[in-house]
Amino acid sequence: MIEFRQVSKSFHKKKQTIDALKDVSFTVNRNDIFGVIGYSGAGKSTLVRLVNHLEAASNGQVIVDGHDITNYSDKMMRDIKKDIGMIFQHFNLLNSATVFKNVAMPLILSKKSKTEIKQRVTEMLEFVGLSDKKDQFPDELSGGQKQRVAIARALVTNPKILLCDEATSALDPATTASILTLLKNVNQTFGITIMMITHEMRVIKDICNRVAVMEKGQVVETGTVKEVFSHPKTTIAQNFVSTVIQTEPSPSLIRRLNDKQVGDFKDYKIFVEETQMTQPIINDLIQICGREVKILFSSMSEIQGNTVCYMWLRFNMDQQFDGTAINQYFKEKNIQFEEVH
C-alpha cells in the first residue's frame, strides 16, 4: 500500500545540508496499522510529508497504492490525495466553524451536493460518537472530542490510507486509549490502512501490528510488534520497549543477587507467549538439568490482545551442567531465549 525504496531526503539551509532521511526502505501492507516510532528529529514526520507529496524525495522511490509518486506533479497527485486522510497532533480544526462544517469541509471543497454532504457527515459523526455535537464549535469540545472531529473529517472522503502524525501526543492516557480504540475500529470496519507516527511505544503496543524504529533519519529495526517487543535488537528499540514493559530485573537487583550467589551460574532471559503458558516449562527444565531453577524476575503484559511473559532464570553451574540441553529444549518448544551470563 505504501512503500519506501531506499529513500533519502536532504534539506539545504544556509550552506548547510541536513539529512532528514537516509536510505529508508520498508513497506506498509494493505490493512496494516503500521507504526513508525522514534525520538524528535528522527525523520518520522518527513515520511508523512513524502506520502502526501508535500515534499519530494532527494533519492529513492515512494510508492503509494501502486503509483510511484516520486516525481509526480501536484496535478498528478490530486486523485491520489483523495485516497489519503490525515490527522494531526493539534487537530487543525476551524474554530469559527461548527463540528458539522469542519467534517464537511473536504466535501465542500470537492463541490459535492448538499444531500451527499449531509448524509456522509451524519454517518461519520455517528461513527465517531459525536452526533449530538454537530452544532457546537471546537472551543466547546474536549481534546478527545476535537480529535474525533478530526478523524471524522479525515474519513468523510472514504480514503484508503489514514496518516496519523502524533495523533495522541496532546491527549491524556484515558483519552489516548479511547482514540486508539476508535482508530482500530476504523481499520477493522473500513479496511483502511493506517500509518501511525509516534514517539510513544504504548501506542505501538496497543494498536499496531507492525513497526519501524527510526533513529537519526534511518530505519534501524523493523518487524511485527510481537517480534520487536519479544527480542528488540537495537539499543533504541530496547529503550522504547522498556518504557512500557519491564522485561528484566533492575541492574541494582542483579548486583545484589550476584553478591549473594555462591559458585558459578548461568542466566537466561526467556519470552513466553500465551499459547506456551500451559506448558510446565520450569518443571521440564528441572528434570533436564537435574537441579533447581531460580526465577529471578517475571513480568506479564498484553500485546495485540495476547498475554506474554518475560522471565529471567538462573541455574547453578558445576561440571555436570549441560547448557546445550537447555538451549535445545527452548528451541524445540519455540521459546525465545537469550543467554545473559
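Cβ coordinates are placed from backbone N, Cα and C, and glycine is handled just like the others.
It should be emphasised that the depicted structure is a prediction, and the values quoted were computed from it without experimental measurement.
Features reported for this protein in Swiss-Prot:
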DOMAIN    2-241  domain 'ABC transporter'
BINDING   GLY38, TYR39, SER40, GLY41, ALA42, GLY43, LYS44, SER45  ATP binding site
Neighbouring C-beta atoms (10 Å sphere around the C-beta of GLY38 (ATP binding site)): 24
Of GLY41, GLY43 (the binding-site residues), the residue whose Cβ has the fewest other Cβ atoms within 10 Å: GLY41
Same chain, 6+ residues apart, C-beta under 8 Å of the C-beta of TYR39 (ATP binding site), given in sequence order: HIS199, GLU215, ILE236
Spatial neighbours, same chain, of LYS44 (ATP binding site) - Cβ under 8 Å, 6+ residues apart: VAL36, ILE37, GLY38, ASP165, ILE197, THR198, HIS199, MET214
Cβ atoms near SER45 (ATP binding site) (within 10 Å, other residues, all chains): 18
Segment confidence, the domain 'ABC transporter' (2-241), expressed as mean pLDDT: 91
List of residues, in chain order, with Cβ under 8 A from that of ALA42 (ATP binding site) and at least 6 apart: MET214, GLU215, LYS216, GLY217
Cβ within 8 Å of the mean position of the Cβ atoms of GLY38, TYR39, SER40, GLY41, ALA42, GLY43, LYS44, SER45: remaining residues of the chain near ATP: HIS199, MET214
